[in-house]
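One structure is given here, and the rest of the page talks about it.
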Amino acid sequence: MGLFKLFFVFFHLLFFCMFPVLGSAAAAESLQSYIVQLHPHEATANGNHAMFASKQHWHLSFLEKSVPWEGEKRPSSRLLYSYHTVFDGFAAQLTEEEAAALRELPGVASVRADRRVELHTTYSYKFLGLNFCPSGAWARSGFGGGTIVGVLDTGVWPENPSFNDRGMPPVPARWQGVCQGGEHFNATNCNRKLIGARFYSKGHRANYPTNPSDAVSLMEYVSPRDAHGHGTHTASTAAGAAVAGASVLGVGAGEARGVAPAAHVAAYKVCWFNGCYSSDILAGMDDAVRDGVDVLSLSLGGFPIPLFEDSIAIGSFRATLRGVSVVCAAGNNGPSPSSVANEAPWVITVGAATLDRRFPAYVRLGNGRILYGESMYPGKVDLKNGGKELELVYAAGGSREEMYCIKGSLSAATVAGKMVVCDRGITGRADKGEAVKEAGGAAMILANSEINQQEDSVDVHVLPSTLIGYREAVELKNYISSTRRPVARIVFGGTRTGRARAPAVALFSARGPSLTNPSVLKPDVIAPGVNIIAAWPGNLGPSGLDDDDRRSNFTVLSGTSMACPHVSGIAALIRSAHPSWSPAMVRSAIMTTADVTDRQGKPIMDGGGGKADAYAMGAGHVNPARAVDPGLVYDIDPADYVTHLCTLGYTHMEIFKITHAGVNCTAVLQRNAGFSLNYPSISVAFKTNTTSAVLQRTVTNVGTPNSTYIAQVAAPHGVKVNVSPTTLTFSEFGERKSFRVTVDAPAPRDNADGYLVWKQSGGQGKRRVRSPIAVTWVVE
């Protein structure tokens, strides 16, 4: 096993002994973690928090009334977290009976089971147009200097050069965070770049099975240190320092920089080997807002659920009230319609797009045909001859496990020394390469299935490998089945930029319309999220596999998880350039300046085929240079979010669970007749027998005084759109102007999209303030 793994076995046994998951008595009654929300100002049998020495004492008083003593163990031993900032309540381990008893106590608003969610660059900053131009986003924002980006993820590897603080300004005086010590992590690991780090494991420990033996091999660090890489990757993408000569074992070489390279980073480790639990996430958000972050970046989530059951939505509402911009990943459940997660209208929801960087790795068949593929295997670049010609093998008539190259399913007698074709799916892409290598295979071709189409997320494989699209996979398999001794070789083509058409919406990127809130278009924008190179921890090989003994400071990952921190970095740039702006203004600037054409000036395409619509790309692909100078912004008073929730038909209690405030929706809607949320995009959800809608929007001039904007409208197909007035004239900076948008749809049809652009006229500038218009028909 070796000393290193022996140490981790010992530490994990110690960890689970020090923090047992279940007490012996409670185990029989099946404890699980619950999140308990309280009425903060309501007088109850337990009083309210003002009557206690602290909020934690108040929280414990509820446990004292609902949880019995267990021998010498007090009810307080069940407390996991006491929340103070983004949520009023606590998390605790309870039996079902205790949870039911707690629900009946006066002052308890809700008791819900803890929920597990999943984790959803050397070039991407250049692709975004970030450069040293004096009028560019970096120059105008001071590279994001002075802002603090809080990253909720798997932690951070502080020794990575992306977190070097050379040239960084001092830690802002307003910072209240800490550098929490733990396993292989102490206060000296923080600096002027990585200014804070904390970890949250109580929810994870409470929900993980009692036997920790399966976890030992994963070598988890009980500290803010990252054992998985995801958090290190996302943090460096948002705000990593400049690193010259960065590459993945020589591939994709260049200078690595985060989107906001002068911003400070605070890491909050809320995700572990078994996922991310809501109780830990809430605790991280609670501390982050109190610590003083300006931007919260959450590359995690799940499937769409009602906002009043979504801990991220609930926590981010209070964060937004405190001026924090919250940026979330849209999820990787695309291209299915209405798959978008993190749908709250107060967060920025980010989908994923491609770059124009490619890593070609061609398959040259024995019949002379060449199939295009991609790989980041650090093989020799030989465009003329390629690698050694090998016999091809594919388990077409074998078991499903063999076709998907599941570990242990491949016969050495069949695959030894050969190039193995593996179908994509079930297990990770890199795992398949490891399975082939363990069975004695010499190379691998990873074949996309029909559901993957031409999607091309690459990996740093442990043996010569390439990924081919579905069209190429069909041709390859036809060649194998029709040839007595099929052979092929892989030709690695290095790194190429600027030739491929991009950006395009990634096939896996989750799509709208929003399932729970179709009157707000989600995702908001798309950003680079495919084959992103960023920082990587020193305990893992670049493939992320346990047995990969190669080491690199950088690796490549794909997902909306990678897109999210790009936008977090842009939000940091905007906050630096405009520190007084609200989170709604920051989001508006990002959305209304987004691009809807690719680098060739053609419409952005959808990875699923055809032109991308607003349900795939939201307002479009982010453009930071324009976002720091948007001209006009759509601001939102936080009280308007409450009114919006009333328009959705949410009950008094459902709204309370989100906002922690009581509201009478009848009175609110009477005072706000014809209300529509002042969102930067325009989304209309027609119900049965409804054919017309009138929406009002208000824009604030943050550009030049004495400016005029003229409306340009492209109505969705089969829909009429009228804007009144069609001209907005501003005499002062900060002036507000309102307009109305009337949408008429004579008959139900397929979802459709168009746009409204406010174009600055005359010689005052070239600002274009664009809002997508999306029309859906809701089946009741």
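One-based numbering along the chain as shown.
Using the three backbone atoms N, Cα and C, a Cβ is placed for every residue, glycine included.
Curation plays no part in TrEMBL annotations; they are all automatic predictions.
Per TrEMBL, these features apply:
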- D153: active site, charge relay system (ACT_SITE)
- H230: active site, charge relay system (ACT_SITE)
- S561: active site, charge relay system (ACT_SITE)
- 33-120: domain 'Inhibitor I9' (DOMAIN)
- 144-599: domain 'Peptidase S8/S53' (DOMAIN)
- 390-475: domain 'PA' (DOMAIN)
- 677-775: domain 'Subtilisin-like protease fibronectin type-III' (DOMAIN)
- 1-27: signal peptide (SIGNAL)
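Note: D153 (active site, charge relay system) has non-local neighbours L119, D226, H230, G231, T234, A235, A267, Y268, K269, V270, C271, S297, L298, S299, L300, i.e. same-chain residues 6+ apart with C-beta under 8 A of its own C-beta.
For the domain 'Subtilisin-like protease fibronectin type-III' (677-775), the model's pLDDT averages out at 92. H230 (active site, charge relay system): 24 other CB atoms within 10 A of its CB, across all protein chains. In the structure as shown, the Cβ atom of S561 (active site, charge relay system) sits within 10 Å of 29 other Cβ atoms. Mapped onto DSSP helix, strand and coil, the domain 'Inhibitor I9' (33-120) counts 27 helix, 29 strand, 32 coil.
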